[in-house]
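Per TrEMBL, these features apply:
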type     : residues : note
REGION   : 26-97    : region 'Disordered'
COMPBIAS : 56-68    : compositional bias 'Basic and acidic residues'
COMPBIAS : 76-87    : compositional bias 'Basic and acidic residues'
DOMAIN   : 115-165  : domain 'Alpha/beta hydrolase fold-3'
REGION   : 252-273  : region 'Disordered'
COMPBIAS : 253-273  : compositional bias 'Basic and acidic residues'
REGION   : 378-400  : region 'Disordered'
Amino acid sequence: SPWVDLTHSFPSVAGDATFDYIPANGFHHRPSMAWPPPNANDLRELKSPEANPPRKSKEEKKKLEREATMGFSVHDVPEHENHDQTTRPRAKSIPGGEHLSIELDGKLIELTDQIQMYTTNDMLAHPMVSPVMQPSLGGLPPLLIQTGGGELLRDEQIYIAHKAANPAAYLPNKKVMDEFDPKRELVDKYPPTHVVLQVWDDLCHVPHTLSFTRPAKYMYRSVAQFGAWALARAQDQAITILDDDAISIISHESSHDSESDADRGRTVDKRFPDALGTPIRAHTVTTASGSVGKAGDPLPPFENHMIRQRVDRHGVTYPLAAESELKCLQLDPDTIGMIKPGPVRKWVAKKSEWDVKYGKDKRAIQKQRIKEMAEGYDTFGAGEVPPPTALAGRRKKDMP
């Protein structure tokens, strides 16, 4: 279940997370010295204090306090300006200024607080942060991507699997290509990556963590099968697979999974996993095509560098819908890596609820942090730049 698009630009993220445990309205945390980190407004106030600031009215002060608490501001959209419905955070810069912004319900929402714990807003669409923005994902070792059919991140995982297997068909937008592959060399430089894509019916994000469940058992078996194949392929020689199924209570009690003694100590050879010539026959989605294997079992044949499967909770495999039928593969490249109204609307609504509980705490922490920043922090050596959320980067000078 890879998370490969931190801008949340794929359709499934706008869902209600009926089958997922990831909150549909994003992650929210109680304010602390670590989170949210200082934003552009905090730094501007610190770096450029006004010697004689103009007096503000009571209403202006309330508005500024409210925006500082919310971490975003709301503006009317001027009639004479044409604002895009979405504003994509580009690598190194955010169009329109320091803040990530989007038009939502006729208002311009400017997000000043950092919205993802893992990176700053201006880096959300950088190819090293969101790999869906890479010019090419060819030339990688073989990939096994197991996706929960009910998870919020489903669409981006399906997309990146196809992108790796067919880089030329899923190029990012022109701006990204101009910046990171201006000579258009990377697509031809690296061959397509071999990918096994499994979309598991109705499962959540990373079902493997629920290892006590039967779907997780089949997922781990598939991981073992793929791992044995990849190791044999890399070594260019057969490997021996020991049968240790009896130590698993779940496996031992599965009567339909019992094996004969002849199956023990199976050997996987490099020759049969690379049989790429046999195309996968077209089936309806209700026709089973096999079942999840175990370590040592041969993989189904690749077609166009991919094995594409839909898997039910019993480990039965079906052909995945054709690429032309998957909406996440039909997106305009210009819209990938752009923040979208759906996720932002849900995030803003939940953030407003949290501000009722913790707004005063957040403002007290912000003011304390600005005071400490004015007094100064210890600096690190050349090239050492802790992320904004790291308290290590805000070590007071007088600390022992």
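Using the three backbone atoms N, Cα and C, a Cβ is placed for every residue, glycine included.
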The compositional bias 'Basic and acidic residues' (56-68): DSSP-derived helix, strand, coil residue counts: 11 helix, 0 strand, 2 coil
Same-chain residues at least 6 beyond the ends of the region 'Disordered' (378-400) whose Cβ lies under 8 Å from its Cβ atoms: 33-35, 37-38, 114, 117, 119-120, 369, 372
Whole-number mean of pLDDT values that fall within the domain 'Alpha/beta hydrolase fold-3' (115-165): 95
